[in-house]
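The structure appears below as structure tokens.
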Amino acid sequence: MVNAIIAPSMLSSDFANLASEAQRMLNCGADWLHMDIMDGHFVPNLTLGAPVIESLRKHTKAYLDCHLMVTNPLDYVEPLGKAGASGFTFHVEASRDNWQELVQRIKSKGMKPGVSLKPGTPIEEVYPLLDGENSVELVLVMTVEPGFGGQKFMPEMMDKVCTLRKKYPSLDIEVDGGLGPSTIEAASSAGANCIVAGSSVFGAPDPAQVITLLRNSVEEAHKSS
């Protein structure tokens with residue numbers, strides 16, 4: 001049985017008040033805080049990096065779930081480990097040649113290794129990273145094109161989630177992009193247990209209510225599966 005994990009995306013928060021926004025989400029029932037790290041190369045946008053993670057870490061003990069949308073993830077392992085990142089999820093498209101070394105280094109820095117894939121990447125590409133001895137511990141299925149917040153959920157990505165859940169019953173399967181009250185059922189019934197939600201949580205009049213709704217949907221789906 002996998003746990004329901006709700007991870008508000010801090011990309012949708014007020015960056016000028018990151019520490020208080022993080023605490024607000026935790027008070028509303030968040031399990032993890034999802035941190036989007038973009039380099040302006042792998043994706044067009046540019047966001048926060050290790051110095052921001054380090055600053056936030058001084059204000060919270062929360063699990064900082066870092067999603068690396070970068071061309072050279074290996075370059076980020078050391079600085080993010082030092083900064084206090086909890087999870088380090090890299091893209092399979094950026095690490096086809098060195099993922100084994102990457103996973104080893106991530107683990108050596110005490111972080112949880114995860115792999116992500118873009119909508120156009122076949123799910124089969126992550127199998128080698130799950131089947132070997134030095135495996136990742138989480139797969140993040142992007143349900144939008146990575147790089148920008150506020151995009152529309154792509155329901156056709158749920159086939160990937162279904163396939164993964166059947167093959168790896170105890171795996172943490174994360175979904176990111178357009179998740180909220182209207183799309184959570186599709187994701188939870190497909191088998192996703194880690195839910196990243198940005199604007200649907202931060203833009204809600206009552207974020208705690210949305211987080212509870214997302215969690216209940218995941219728990220109900222896993223009970224009945």
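The backbone N, Cα and C atoms fix where each Cβ goes, glycine too.
In TrEMBL this protein carries:
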type: ACT_SITE; residues: ASP36; note: active site, proton acceptor
type: ACT_SITE; residues: ASP176; note: active site, proton donor
type: BINDING; residues: SER9, HIS67, GLY147, PHE148, GLY149, GLY150, GLY178, GLY198, SER199; note: substrate binding site
type: BINDING; residues: HIS34, ASP36, HIS67, ASP176; note: divalent metal cation binding site
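Locations of recorded TrEMBL features on the structure.
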residue : record                             : contacts (Cβ under 8 Å, 6+ apart)
SER9    : substrate binding site             : HIS34, ASP36, GLY149, ASP176, VAL196, ALA197, GLY198, VAL201
HIS67   : divalent metal cation binding site : HIS34, MET35, ASP36, ILE37, THR89, SER116, LEU140, ASP176, VAL196
GLY147  : substrate binding site             : MET38, VAL43, PRO44, ASN45, MET69
GLY178  : substrate binding site             : THR143, VAL144, GLN151, LYS152, PHE153, MET154
SER199  : substrate binding site             : SER12, GLY149, GLY150, GLY180
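Here substrate is bound by SER9, HIS67, GLY147, PHE148, GLY149, GLY150, GLY178, GLY198, SER199 per the record. The longest Cα to Cα distance in that group is 17 Å. Its own atom aside, the Cβ of ASP36 (active site, proton acceptor) has 24 Cβ atoms within 10 angstroms in the protein chains shown.
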